[in-house]
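S.K.: Attaching a single structure in structure tokens format; questions to follow.
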Amino acid sequence: MCSQFLNTQSAVQAGPNDMSTEQKELTQTPLLKIWVPGMGSSLGQRRGSSRPQFTNCPTMIVMVGLPARGKTYISKKLTRYLNWIGVPTQVFNLGQYRREVVQTYKNYEFFRPDNEDAMKIRRACASSALKDIANYFTKEQGQVAVFDATNTTRERRGVIISFAKERGYKVFFIESVCDDPEIIEANIMQVKLSSPDYENYDKEEALVDFLKRIDCYKLSYVPLDEEKDRHLSFIKIFNVGSRYLVNRVQDHIQSRIVYYLMNIHVTPRSIYLSRHGESELNLLGRIGGDSGLSSQGLKYAKALAEFIRGQSIKDLKVWTSHMKRTIQTAEALGVPYEQWKALNEIDAGVCEEMMYEEIQATHPEEFALRDQDKYRYRYPKGESYEDLVHRLEPVIMELERQENVLVICHQAVMRCLLAYFLDKSADDLPYLKCPLHTVLKLTPLAYGCKVESFYLNIQAVNTHRDRPTNVNIARKTEEALQTVPEHQ
Amino acid sequence: MVRSVRFVILTENETKRHRTADIYRHIFILSLSLCLMAVCMTNCPTLIVTVGLPARGKTYISKKLTRYLNWIGVPTKEFNVGQYRRECVKIYKSFEFFRSDNEEGLKIRKQCALAALNDVRQYLSVEDGHVAVFDATNTTRERRATIMRFAEQNGYKVFFVESVCEDPRVIAENIVQVKLGSPDYTDRNTEEAIQDFMKRIKCYENSYQPLDEDLDRELSYIKIMDVGQRYLVNRVLDHIQSRIVYYLMNIHITPRSIYLCRHGESDLNVRGRIGGDSGLSPRGKEFAQCLGRFIQDQNIKDLKVWTSQMKRSIQTAEALGVPYEQWKTLNEIDAGVCEEMMYEEIQEHYPLEFALRDQDKYHYRYPKGESYEDLVQRLEPVIMELERQENVLVICHQAVMRCLLAYFLDKSAEELPYLKCPLHTVLKLSPVAYGCKVESIYLNVEAVNTHRDKPENVDISRLPEEALLTVPPHY
């Protein structure tokens, strides 16, 4: 949704009322291609913060809910999403703190409300987690911390609120309420039984113990209340999303979080990612452009059609970009498909349709800068991977809403989408391997995503260029071109 | 919707000089809804039904939502039952018309509702409407059941938007802002009108059955409480409902102003060239200084300043001496192969493109560039954030400013590309009643005119003089 906040720069002038006629000349930063006032020609220097301004102070997201209500699922998914759109976010899972202190989990008795010793330990864990959160905000430049615990009593939430207030953090509660026993049991089966807590239990015993564990919390559970908690900012999610109560959304990031939470679902489905078939420009080792499929590419399109038919996917949606090669690929499927301009390949600006050899010859500095920071580097008059992520956010949002989807796109685009699903960092993203003629099938599983890779056995050129060893601007041509894949 | 390449190639009869890629591009010109909304166009139309006592902002929400949906490309229309009633009962006498024991009144009101529903059916099933907003109190379960039966018969999805508010100040302010100016009260003085309207509200209160968490658990709805403090959202079925909920949760009614202006005159402007990334001309720099003084004089509380990432808008913002945020999405429309050309050159090198653009300026996409339609899609997050914010100054570009202005002033896709957004002029937009007040402030620094009107002859075979008829003068 909001690519606008990336590459943000707050330029603060020296004097607030300095309206002198002398206007500083603007220069464009070499990497991000951002116009900044009065700089020297030193490359790579940036003035001011380019961090997104989603919110002006750190935000604590506090989960609330009985065990097995999806809190950790939501925490992890939300964190993955926020990091992908560029908001540094981290989960702080209280259960993990507890497991570190109490090395071996015996049984549910630990969670009995009258177990004084355990209570002491649990309180200490909470303090420890809060301390780490403060550290994350102040020393590690975190912007959002997700405090993943039951937080089922008003008292515990009060402690968190005071903690946040003292330090000037915003607090946003996410409560998951569910009384459908089927959902709870499915939950337990999916993620609890494989927890380190239940390594030595058999399934039946584990289920019984966990249900008793939930009972320990039920007595003291005080849900967020419409009246009593009317001054708090929160979203209450009922029965896995059939209903939401949203109270006092304070700012942009909270609004985006609410929108995201209202769009995700847990219905089983698969997302298929594939690039277009090999294109004519691919064969020539040229990047970008809008060429058609090569003969191998056409073969792939047909093979893809066969593969899709073989998968027998229910209600499959097919999405392509607006570029000829993806549309040609989709056409071979013989099913309706929808075109998204947002899925177009990264715009290489002045380097469009060039071979890497030519870029090195005509723009050696740019070529080096790109190798230095491939995620943030913006082609002159083009885009960066960072820009791509912003452009793709609505695609991700819609993918979350949908069920079975096949996305036929491009190398850089596929890397961005894959990074979202597999929680890859900005450093890894531009080097993810997305070869031609290979379909990736992503299936949500427990807290993550299962990936199956299907190479459809149609030969294609390799278009993956690894990061060379020497990324210095002063490097030799051979060093720059060391990792360029072969082409005609 | 099927986007079949084959289909279009058969109907295309462009000249041989077109590379196949161009044909694909022309598909985009011909097919209208390739923006994000096309992806999730509901296959069946949606009926949005407002619910709430009088003076709870239902019409405000209806109009605003309709404006937003139309702007993002979803054909939407509102149907206000009050208007139907005014057409039927020419003169409004008093609140007695709305008494729950007024048989005559009830009959007329029911007829009006049915007449409105009939028009809804016409719009959604016969014309090309996608969304209809049924704006009425709809406060009884019985009335809502009638509407749902109607929707079911016609295959429409129903989404309720209920506004609940008990704050007497908000209601009083509401009445003053929009009810007193209603045709119902033209002959009353303020005191009488308020009295009467309060009694009118009372008539509904007794039979009001709000949407209920339990009884209405199968319905799709959003309950807006206390002007957006709290929302209850139930069973969002599809993409459009999800977008509507997101939009409703981001709008507010706190008074504020949005200032729109372009960067100061640029070097390329002066030479009559489009696009590019040039710096300000001397006059442009002067404008930037004037803008700084103007903003200071306006004494705006907590003003946010936004620019694009293009040199000319940043240079303009720099002169203000305040922090500003750069948005890549505010960059000027990408003219692709025509970047930095004069219109005369475009006519010389791409006469076909030039004519196509004049034929449908909104949908036309520059080769390797963008269309206004693309721009709107790109700007949607900006609009969403503008709704969230309060006082904002947006320093942008001609095409971008046209898109933003069209949103605020509810201009159609036909009008949008020809809206006048001259250089060195600030537009101050202030929400007022159901719309937007516009003040245009020319900062008295001369600049070239960059507005090119639609010429008379838009035919591909036209002469260069005819094509260049409306090109503004330049150096």
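Cβ coordinates come from backbone N, Cα and C, glycine included.
Bear in mind that TrEMBL entries carry predicted annotations, made automatically and left uncurated.
The following feature annotations were taken from TrEMBL:
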- A:1-12: compositional bias 'Polar residues' (COMPBIAS)
- A:1-23: region 'Disordered' (REGION)
- A:47-268: domain '6-phosphofructo-2-kinase' (DOMAIN)
- A:Arg275, A:His276, A:Gly277, A:Glu278, A:Ser279, A:Glu280, A:Leu281, A:Asn282, A:Arg325: substrate binding site (BINDING)
- A:His276: active site, tele-phosphohistidine intermediate (ACT_SITE)
- A:Glu345: active site, proton donor/acceptor (ACT_SITE)
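Describe the structural context of these features.
M.R.: For A:Gly277 (substrate binding site), applying a Cβ distance below 8 Å and a minimum sequence separation of six or more within one chain yields A:Leu293, A:Ser294, A:Gln296, A:Gly297, A:Leu298, A:Lys299, A:Tyr300, A:Ala301, A:Leu304, A:Arg325, A:Gln328, A:Thr329, A:Leu436, A:His437, A:Ile458, A:Ala460.
DSSP gives A:His276 (active site, tele-phosphohistidine intermediate) a coil state; it is part of no helix or strand. Listed in sequence order, A:Leu293, A:Gly297, A:Thr320, A:Met323, A:Arg325, A:Thr326, A:Gln328, A:Thr329, A:Ile408, A:Cys409, A:His410 are the same-chain residues six or more apart from A:His276 (active site, tele-phosphohistidine intermediate) with CB atoms under 8 A from its CB.
Taking the Cβ of A:Glu345 (active site, proton donor/acceptor) as centre and 10 Å as the limit, one finds 24 other Cβ atoms among all the protein chains shown.
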S.K.: If you pair up every Cα among A:Arg275, A:His276, A:Gly277, A:Glu278, A:Ser279, A:Glu280, A:Leu281, A:Asn282, A:Arg325, the residues annotated as binding substrate, what's the maximum separation in angstrom, rounded to an integer?
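M.R.: So the binding residues stretch over 14 Å, Cα to Cα.
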S.K.: Spatially speaking, which of the binding-site residues A:Arg275, A:Ser279, A:Leu281 is closest to A:Glu345 (active site, proton donor/acceptor)? Use C-alpha to C-alpha, please.
M.R.: A:Arg275
S.K.: When a 10 Å sphere is centred on the Cβ of A:Arg275 (substrate binding site), how many other Cβ atoms does it contain?
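M.R.: Neighbour count, Cβ to Cβ under the 10 Å cut-off: 29.
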S.K.: Measuring CB to CB from A:Leu281 (substrate binding site), give everything in the same chain under 8 Å that is also at least six residues away in sequence.
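M.R.: The answer is A:Ile287, A:Gly288, A:Gly289, A:Ser291, A:Glu353.
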